[in-house]
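The transmembrane segment annotation in TrEMBL covers B:16-37, B:57-79, B:91-108, B:114-137, B:146-164, B:197-222, B:243-262, B:268-287, B:294-311, B:323-343.
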Amino acid sequence: MSPDMIVNILAATVVAGTPLLIVALGELICERSGVLNLGQEGMMLIGAVAGFAGVYASGSLLVGVIAGMAAGVGMSLLFGFMAITLAANQYAAGLALTIFGTGLSAFVGTDFVGKTIDGFTKLPIPFLSDIPVLGPVLFNHDLLVYVSLGLFVAVYVFLRHSRGGLLLRAVGESPESANANGLPVLLIRYLAVSFGGAMAGLSGAYLSLAYTPLWTEGMTAGRGWIALALVVFATWRPVRVLLGAYLFGLASILHLVLQGFGWDISPELLAMLPYVVTVVVLVLLSANPTRTRLHTPLSIGQPWRPSR
Amino acid sequence: MLSLERRQVDSRLMEYLSPVLALVLTVITGFLIFLGLDRDPVEGLRLFFIVPISDAVGVAELGLKAAPLLLCAAGLTICYRARIWNIGAEGHFLMGAVGATIAALHFGEGTGFWILPVVLLAGIACGALWSAIAAFLKTHFHCNEILTTIMLNYIALNLLLYAVHGPLKDPYGFSFPQSAMFGDAALLPMLIPGTRLHIGLLFALLAAVAVGVLFARTFIGFQLKVLGEDHKAAEFAGFPRKRLVWFAFLVAGGLAGLAGASEVTGPIGQLIPQVSPGYGYTAIIVVFMGRMKAVGLILASALLALTFLGGEMMQIGMNLPKAMTGLFQGLLLFYLLTCDAFIHYRIRLTRRHVTASAGTNTPLATQES
Amino acid sequence: MTAAARLRLENIVKEYPGCRANDGIDLTVAPGEIHALLGENGAGKSTLMKVIYGVIQPDEGTLYWDGEKLTLQGPAHARQLGIGMVFQHFSLFETLTVTENIALGLPASEAKDRKALEKRIREVSTHYGMALDPRRHVHSLSTGERQRVEIVRCLIQHSRLLILDEPTSVLTPQEVADLFRTLRQLASEGCSILFISHKLQEVRDLCHHATVLRNGKVTGECDPTETSTDAIARLMVGDETPLSTDVPPATPGAPLLEVSGLSYASDDPFGTALRNITMELRAGEIVGIAGVAGNGQDELLRALSGEYKAAANQVCFDGQDVGQLGPDARRRAGIAVVPEERLGRGAVPDMSLVDNTLLTASAQGMVSKGWVAYRKAREYATRVRDRFQVKSDGIEAPARSLSGGNLQKFIIGREALQEPRLLVASHPTWGVDVGSAVAIHQVLVELRDRGAAVLLISEDLDELFQLCTRMGAICGGRLSPLVPTESLSIGQLGQWMAGDFADAAGEVNHAVA
């Protein structure tokens, strides 16, 4: 394999990892507040179709991105209403959101199938993109890739160094104690869930506006679910989310790599790879269950309501 | 101000009323959607919910769609009662279809009464085998079953696509991605002549009743319930958690596998990529709507089967997308979970303002302070 | 009453579905006063505290703070006014440091400078004799240290009223003495203290004034230093309830349970490992294990019940090695267990009493060939209910609908009716009304007198001293010697509870035999 190919593969890895990074960062914040939202796939699909529709209607990519994020937030508020206000089972509510989002996006998107738009184009960063290897891998992408890296930094700093991050971690560990300390538990959880929704919407919009500027039914292809596994894999820490996202990104373009080696494997079998990798990663995680449990937000998945 | 208040005892009434309310709310929302799309809402709802089952053939089609839903849902019920979040019915179903196809193609045009049972058993075995992977990952590696079963669904779908594009492709099929048609001995007998309804529906009804009996009368059913309601109590009582998990997964996989096998040996008669319109996922809604009880599952599977027929009718009668099916299914589940909150909670008017007024009206207080 | 009262409550009413938790309560606390709020479990103490701290709103009634009428908007508001609260179940975050925990309770502006905050924490804790390292994570602190964090948190917010909910139930006797010293110092500096308890001796030692609650109403006020414990107890429970069980002396028989060299490392990162536990239980005796919660009690219970498996010969019951057997097999061998969490382990909350009978008594002919004979289960549940006077809305009522005392009587009855030869009971009377506690003690003594061995794990030292033939303490997963109760001083037990087994070795020889 030539050095050029390696650079190409690495650059493609970053692009393929970006939607995973965005949605996983959102879910990371959401889960840190103690809420497990299994509706990522549904929110991403809605974000993708809304983003596409926004650009199709207005011709503006910015409108598309905002539409995608707003749609994601809207979906997450539905989830929040069920899982936070009504204290419904979070698993069931998340599944409902995915099923609903899949149906709604397919319904809304029927008219957009086969339509084309002008999506995001590459925006090389002057000077930086000229650095050998690192330049083309990191600094020769569309705008949203850079945005995703900025989001990563923001989430990292927020969790580590801000009072908001402290409140979030406290609520995620024990809503009961947080309430006794006078923290607005439900509000914090709603904000965390909405952030997750915005990120899922953005991630979906990335797919339909940048990754493949098209709308097709079910185009997220399980990325929302993979992101959920990714957050567990990262033991709820942002740096590991970043690395994991690119690892899974690599898995999803592995067929290109293998074709590069000249292997002749049926495309259907290669398409399984990201899912197989996800399962393998989940298995590897079990090697150290204590560490996983040590980092798990303690209240995750448990509905909580204040007693009046 | 409105607030939610935990009921002392869960409301039995709401438990049964909730699915009905959810259906009513879904219909109302459907009405509004048709209005929003500038279509006649009454006609739209009639086309969706009534026209598909207005004649005998329609009712038979309903049974045809309800059977795989009911089989999958019966198996999932066992899992969900034990709070094992198996969402892999779709994958079990697809693998069941592939397994049955391999067997059926193996027998070709051969004859013999034993061929059909062997083909069905192959489907059951493949479904169970597929769910055994998730069971193994859960009991040995503590992997979250939601994620593993979802991933296995995607893998199964790709395996199916690989099969119809490769090893199982009909050599005389003009390179369409589908298998050869099965021999007559590998096809399910019809239940009602003149329709497509086959005896798969009987398997499904039997499975629903069996699951009902399992939970009402057997100790293993009781143990599964305890595992789901309170895993600490199950551990304290010494119930065999791993064995119960395996049981739930294998039965769910077997039943969904049977559903897949019944689909290829029934109405389709060969393996095609679109063998499932998402039965395995819709079955999740059936379980929740059916309250995990035999009669409820049967009614719910009929209702959800209707959404498939209604979606097709939308396309034919109103030129609206078939995806209406998914939309209605999603709405139904969403409303159901919302209504379910009122099994545990009730709405109460909070009396916060009363506190303040009680304070101002106490004459003793003013004297003393 | 003068306007100088720091806190005054007038006619506080709080109603929950099915019960009037506070029914017209009046209470006055003066500056610098240590005021006891007494009452048995369910008397309405917790509800009243939550009202004072703004966690819940009263349905009726008025609060006065320094003579001013007050409507609390919530805990943050209460703290801002100078009301501090130490809950019985601490409201701390285990994964955060001491400083972070305290910062969460402060307004953002005050919490911003962590260095300054750390300094203040050190100052306050040293001033009141409560050593504390602000940088440590809470999960690495002992229970006593956690309580200090809670108290320091209140003091840093300049509390002028400190509410302490059953603060001594989680401490060793020595730690209790330290706490009392701190509280007296606080009071002398003018801070009012509301001390909630049901332990009368402590109240008599510490408090200036006491208000007694029963069934949500004030049944009396007194100066505890001048009132006998019996008189206060009568105010708490009324005239009908017996105050305690008569415990005739035991006549221990042959050894029944032998645990030798039992070690167990929990896979729970916040759990406690058992370290080389060795003990012997004889038929016909009650053996007590004292200790502060979280020192291996739960692990020990699981190791005996079979939820944790040990090497076969580490647990030997009646001459049979049972270390490798699971809970079901051990139950058949005659070991019954009553866990600490009665709702959510000892009983399934949303299942009926009949179903909860099946949970551990299925071997009593309720299951044949995999089919459940619900008729048998109903009969058994009815017998438990009648025999142990469990008050419930029928045997089909869900476990969650029973009061703590009645549910505990049901669980103990369910095990006792199986005639176990060893009963392991953890905190059997925790949070239970006095009447039920007496009935539960009665069941334990009866089992003992029928020749069973009883292992009683408890935090309640009064209970242990009253019932046990022999006793010791557990700390950090290690077990002290188990010595005859009459030869054990409370000071010695306190040392053991704190993990100081230094002078124990010599005592073992002459005490156990």
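Placement of Cβ uses the backbone N, Cα and C atoms for every residue, glycine included.
Highest Cβ pair count under 8 Å relative to the transmembrane segment (B:114-137), across stretches B:16-37, B:146-164, B:243-262, B:268-287, B:294-311: B:243-262. Only sequence-distant pairs (6 or more apart) were considered; of these, fewer than three Cβ pairs between the transmembrane segment (B:91-108) and the transmembrane segment (B:294-311) are under 8 A, so the stretches are not in contact. Segment contact holds for the transmembrane segment (B:16-37) and the transmembrane segment (B:323-343), given three or more CB pairs below 8 angstroms at sequence separation of 6 or more. The transmembrane segment (B:57-79) makes contact with the transmembrane segment (B:197-222): 3 or more of their CB pairs lie within 8 A, with pairs spaced 6 or more apart in sequence.
Between the transmembrane segment (B:268-287) and the transmembrane segment (B:146-164), the number of CB pairs under 8 angstroms, six or more residues apart, is three or more, so the stretches are in contact. The highest tally of CB pairs under 8 A with the transmembrane segment (B:243-262), across B:146-164, B:197-222, B:294-311, B:323-343, is held by B:197-222.
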